[in-house]
Amino acid sequence: MTEKINLLNLSETELQGFIASQGQPLYRATQLLQWIHQRGVTDFSLMTDLSKPFRQQLSEASFVRVPELALERVSADGTHKWLFRLADNNKIETVFIPDRKRGTLCVSSQVGCALNCSFCATGKEGFNRNLTLAEIIGQVWLAARLLKSPYKITNVVMMGMGEPLLNYEAVVAAMHLMMHDHAYGLSKYRVTLSTSGVIPAMRRLREESPVSLAVSLHAPNDALRNVLIPLNKKYSLDQLIPLCRDYYSRGSKRCVTFEYVMIEGMNDRLIDAKQLIRLLADVPCKINLIPFNSFQGTAYRCSTESAISVFQKCLMDAGFNTRVRRTRGDDIAGACGQLAGQFHDRTGRHQRWVQKQGHDFNRPIPAIDH
């Protein structure tokens with residue numbers, strides 16, 4: 001007997017192939033996209049503009065399954081953080097950040113993270129596996145159903161757990177669905193992928209997906225970036241910066257956004273700002289300064305407000321569009337760099353971290369009753 005297929009795990013092209021294999025016209029794929037993503041229907045029997053024989057055919061050959069809600073927390077500032085349970089019982093985190101007329105969903109791409117950035121809680125938890133397409137787009141599907149009016153998803157950022165470009169195929173397919181007119185209909189300007197700088201995948205992304213690009217920079221030189229982002233030892237700044245400079249075509253109004261976490265005494269001095277100015281001198285870009293969000297066991301501390309202000313002014317005086325990202329959801333460990341999830345670490349990285357610190361830093365998350 002042929003194994004049933006989770007339709008959420010199919011790209012648009014694969015869904016069309018599945019429809020053709022069922023002897024149906026291709027417009028059925030569009031109908032399914034609308035039922036599943038726009039209307040949130042996963043029960044084929046309720047898809048009333050499909051014929052009864054086709055609905056029966058679908059139920060025999062396929063299903064629609066999303067991750068399930070394990071826990072939810074809501075911050076004092078309105079930020080929502082969800083812990084989603086996957087079929088293998090690993091759990092990932094997804095965050096929704098409301099802001100006036102805008103609602104940004106921060107989506108995870110891996111169970112844990114394959115990288116080990118020193119300032120990020122996810123990296124200290126280790127790594128289990130890549131998420132499937134169904135598990136990535138399923139976060140968007142679930143969030144859209146869990147949010148109550150007036151909250152609405154207007155933007156998606158691939159900035160949750162994991163390095164998106166180390167899960168390229170599933171992430172790009174999911175972002176395509178986010179922008180698809182018959183799914184979530186988001187503009188390419190409202191879907192952003194953040195990467196630590198996986199150079200080959202960045203080159204491929206530039207050719208294959210129109211989404212906005214953000215780069216986790218966090219340091220103005222290789223020596224410091226090697227400490228903060230070990231991936232830099234493989235893909236150094238002399239490879240990363242030229243690619244960012246030429247990522248969008250000349251004359252385009254679009255530019256790369258650089259993310260720069262502000263860590264006291266490490267990368268927040270005036271000399272660091274001046275070095276950053278020289279590094280990015282000919283790169284069309286925006287710069288987001290991110291106050292460091294602490295997590296248990298880290299020795300890092302956030303820069304002072306005055307240090308951040310001086311740093312920002314130095315960059316702005318040099319002509320850089322620079323903003324300080326307002327910290328959201330830190331009271332529920334939902335801010336940038338704080339996502340951890342709950343999963344089995346296949347790398348042993350988390351256990352080494354625990355042994356080094358002397359105790360376990362897994363944080364229990366209280367549930368909200370539904």
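A Cβ is built for glycine as well, from the same backbone N, Cα and C atoms used for every other residue.
Annotated active site, proton acceptor per Swiss-Prot: Glu93, in sequence order. According to Swiss-Prot, the domain 'Radical SAM core' annotation covers 99-331, on the basis of sequence analysis. Summarising the annotation, Swiss-Prot assigns disulfide bond to Cys106-Cys336 and lists sequence analysis as the type of evidence. Under the heading [4Fe-4S] cluster binding site, Swiss-Prot lists Cys113, Cys117, Cys120. Taken from Swiss-Prot, the feature S-adenosyl-L-methionine binding site applies to Gly162, Glu163, Ser194, Ser216, Leu217, His218, Asn293, supported by sequence analysis. The annotation active site, S-methylcysteine intermediate is assigned in Swiss-Prot to Cys336 on the grounds of sequence analysis.
Neighbours of Cys113 ([4Fe-4S] cluster binding site) among the recorded positions Glu93, Gly162, Glu163, Leu217, His218, Asn293, defined as a Cα within 10 Å of its Cα, are Gly162, Glu163.
Whole-number maximum of the Cα to Cα distances across the S-adenosyl-L-methionine-binding residues Gly162, Glu163, Ser194, Ser216, Leu217, His218, Asn293: 19 angstrom. Distance between Cα atoms for Gly162 (S-adenosyl-L-methionine binding site) and Cys120 ([4Fe-4S] cluster binding site): 11 Å, as a whole number.
Per Cα geometry, Cys117 is the residue among the recorded positions Glu93, Cys106, Cys117, Cys120 nearest to Leu217 (S-adenosyl-L-methionine binding site).
Confidence across the domain 'Radical SAM core' (99-331), taken as the mean pLDDT and rounded to a whole number, stands at 95. For the recorded positions Glu93, Cys120, Ser216, Leu217, Asn293, the ranking by surrounding Cβ atoms (within 10 Å, all protein chains) places Leu217 first. Reported as a whole number, the C-alpha separation between Ser194 (S-adenosyl-L-methionine binding site) and Cys106 (disulfide bond) equals 11 Å. Among the recorded positions Glu93, Cys106, Cys120, not one has its Cα within 10 Å of the Cα of Glu163 (S-adenosyl-L-methionine binding site).
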